[in-house]
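Student: Take this structure, written in structure tokens, and hold onto it; I'll ask about it next.
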Amino acid sequence: MSETARTNEENKLPLNGRRAIPPNYSNDEENEVPEMEAFGLIPRGFNPRDYLRVVDIYMFKDPHEINKQEHHTDKYYNPRLIVRRGQAFQIQIDFNRPYKPETDQFWLEFLMGRYPQQNRGTYIPILVGNVLKPGQWGAKIIHRENNSIRLSIMSSTTCIIGKFRLYVAVLTPFGILRTRRNSATDTYMLFNPWCQLDAVYLDDEKEREEYVLNDVGVVFHGNVEDVKSRSWSYGQFEENILDACLFLMDKAELELSARGNPIKICRVASAVINSRDDNGVIAGSWSNTYDYGVAPSAWTGSVDILLEYYSSKQPVRYGQCWVFAGVFNTFLRCLGIPARLITNYSSAHDNNANLRLDFFLDDEGKVDTRLTKDSVWNYHCWNEAWMTRPDLPVGFGGWQVVDGTPQETSDGMYRCGPASVQAIKHGHVCFQFDAPFVYAEVNGDIFYTRMEKNGTQVVENVDTTRIGQLIVTKEVGGDGMMDITEEYKFREGSDEERLALETAVMYGVKKQSIQDTTYQPQTDVDMDFQAQKAVLGNDFKVTITFRNKSRNSYTATTYLSGNIVFYTGVTKSEFKKHSFSAKLEPSSSSSFDVVIKSSEYMSDLLEQASFHFFVTARINETGKILAVQKAVMLEIPTLRIKTKGELVAGKETSVIVEFTNPLKQTLENATLRLEGPGVLRTIKKQFGRIPMNSTLTWEVKFTPWRPGLRKLIASLNSDALRHVYGELNVQIQKP
């Protein structure tokens, strides 16, 4: 754009003494580009038709054509050209006559936003040359025929991610002639994990297929002893999802010139995924009441959430950690940043980033809920994104923790990350962003502390192994679980682990040493707690086992407290209290069973059917206290999905979803959802009531449009029962 055009443009701007042009953070807004940009007075006889003129531009943008095939963007349900940066793509230009390189001069212009500037990377002029340099903008002619030329265009490996507008400019003696604004030639530029010079380069093809191109994933939930899994549809290639993801960066007011940097994109996205302090995508609710919204457990994927937000611009209700993580994963994979969803079992949520979670006990050894502020989440989901970290010393690139669930503020907003997994493992928590918080989530110790009447605290028991004892993600190329605990921490009790802890403490993670407090545990008696596999709606039994390794006889006053909890470890109600005296013979084990009746827990049950048992035992002879806590999950019934006949792309078929109500009560307000990326859009149906022991059958007709192995995912939600899922792998034949 010449200086005159730019001056005219800026004359219209409101004056602002601080900056020459307003902030540029909308990918959607455009400036007007003149079709004829004159150098001065135009002579009367000038006719633009006498000069080289562009008749048509062909973008090779169909899924089967060269650009989308070579750039791995053929799955995007989007009619425009989508390419990845740092890799050549082709376009064809048809002129009104054959192109003569000796006399004709033309160039390409890529523009983004309202105030394109060359030094900001939002105005990119590309001259045609003879060679393409890797990782830099350039164009060369690879084929000439009649009035047409075919160009190979190389983009920069650091260029901005988003939607560019394309113009072809032709030089004439009296001015520059440009093509008219044509949205059909708009070009989306994405990150490129296949390109060695890109900050998100990943060298393993199987991992790229999983972490960038797979549009279905698995969320692991439940607890350590009882890992449960469910599928989640990321749907990053579905219609309008790419535009919705670009809109999130506009919403976060990320300057266009910063959008080539995956670190900045992850940081602002972790804030905009949740609605706290910026009216972001999802409103969180952990209250078990979800009026005027959808219960977090009912969602089967990210697409509905992102599309609703994109159209309404208002937070979508409601989400919990796996929903935030599922949507964040869609956002990252959609833009081309390799990403995976992580589950940390027994995740410490502690209120002051020290490595100590305090559970206060009263005189009887019961947990005092009034004083206990810290909580242990049965599990917590976050994401890892893959990128280099040029802002940190060498060695801290690779997987970075990013978390969109609002827990604590970071630099004044609810966001978390990116924090290097490698830095967390080695205790180097001084490196940005939010590493101490993540370190505490996977490394805390639980202190059981008794308050004396005079206010002194006595540490009765310390559990150093429970927090972060299992960290998992979906395996590459399958639906199984991959244990990645060792990527976050050294083996419990090893020298390296102690060293990493000392390093973290040196860098400011607060840790109270046990030496500060008088603490002599009872070492000659062990207590263990086991629960029978339990199905929702049935009675089950729990067993407390003492092992007395000494030669003394002891009696233990034992107290069992059963609580119905949110998956965040926060108690809703205590439904079971049971105390007994146990006689412990020398050098022997003794077990005690307690029956938990369904009538005791059904009325208060929360959606994840999760219990938390605290067992405390006081050895009367020594006054010492043993403490153990355990989460127990009930087995929740599943949905059955069946298909009728064979499935062929483009041909109508039907699927049947069945559910049998196992409870001794009628389910009210039942809603079913069914979706499958590439197979069918989300369908919802309300069923009102499902009487006890009755079976509901729902048949859905649909036409799958993408061949290959796909997945159908269903969920059922009702007032008394949530977290009911079913899934089915289906092979869709080519027509």
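Cβ atoms here come from the backbone N, Cα and C positions, even for glycine.
I grabbed these lines from TrEMBL:
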COMPBIAS  1-12  compositional bias 'Basic and acidic residues'
DOMAIN    313-406  domain 'Transglutaminase-like'
ACT_SITE  Cys321  active site
ACT_SITE  His380  active site
ACT_SITE  Asp403  active site
BINDING   Asn443, Asp445, Glu492, Glu497  Ca(2+) binding site
Student: When you rank Cys321, Asn443, Glu492 by Cα distance to Asp403 (active site), which of the recorded positions ends up on top as the closest?
Tutor: Cys321
Student: Beyond Asn443, Asp445, Glu492, Glu497, what residues of that chain have CB atoms within 8 A of the centre of the Ca(2+) site's CB atoms?
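Tutor: Result: Thr464, Thr465, Ile467, Gly468, Lys489, Gly493, Leu501.
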Student: Give, as a single whole number between 0 and 100, the mean pLDDT over the domain 'Transglutaminase-like' (313-406).
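Tutor: Computed over the domain 'Transglutaminase-like' (313-406), the mean pLDDT is 90 on the 0 to 100 scale.
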Student: Just counting, how many other CB atoms are there within 10 A of the CB of Asp403 (active site)?
Tutor: 31
Student: Please name the residue among the binding-site residues Asp445, Glu492 whose C-beta has the most neighbouring C-beta atoms within 10 angstroms.
Tutor: Asp445
Student: If you count Cβ atoms within 10 Å of the Cβ of Glu497 (Ca(2+) binding site), leaving out that atom itself, what do you get?
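Tutor: Taking every protein chain into account, the count is 16.
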Student: Filter the binding-site residues Asn443, Asp445, Glu492, Glu497 down to those whose C-alpha lies within 10 angstroms of the C-alpha of His380 (active site); answer none if the list is empty.
Tutor: none
Student: Could you round the CA separation between Asp445 (Ca(2+) binding site) and Cys321 (active site) to a whole angstrom and send it over?
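Tutor: For Asp445 (Ca(2+) binding site) versus Cys321 (active site), the Cα atoms are 23 Å apart.
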Student: Please spell out the DSSP helix, strand and coil residue counts for the domain 'Transglutaminase-like' (313-406).
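Tutor: Residue counts for the domain 'Transglutaminase-like' (313-406) by secondary structure: 15 helix, 42 strand, 37 coil.
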Student: Expressed to the nearest Å, what is the distance separating Asn443 (Ca(2+) binding site) and Cys321 (active site) at their Cα atoms?
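Tutor: Cα to Cα, Asn443 (Ca(2+) binding site) and Cys321 (active site) are separated by 19 Å.
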Student: Any idea what the Cα distance is from Cys321 (active site) over to Glu492 (Ca(2+) binding site), rounded to a whole Å?
Tutor: 27
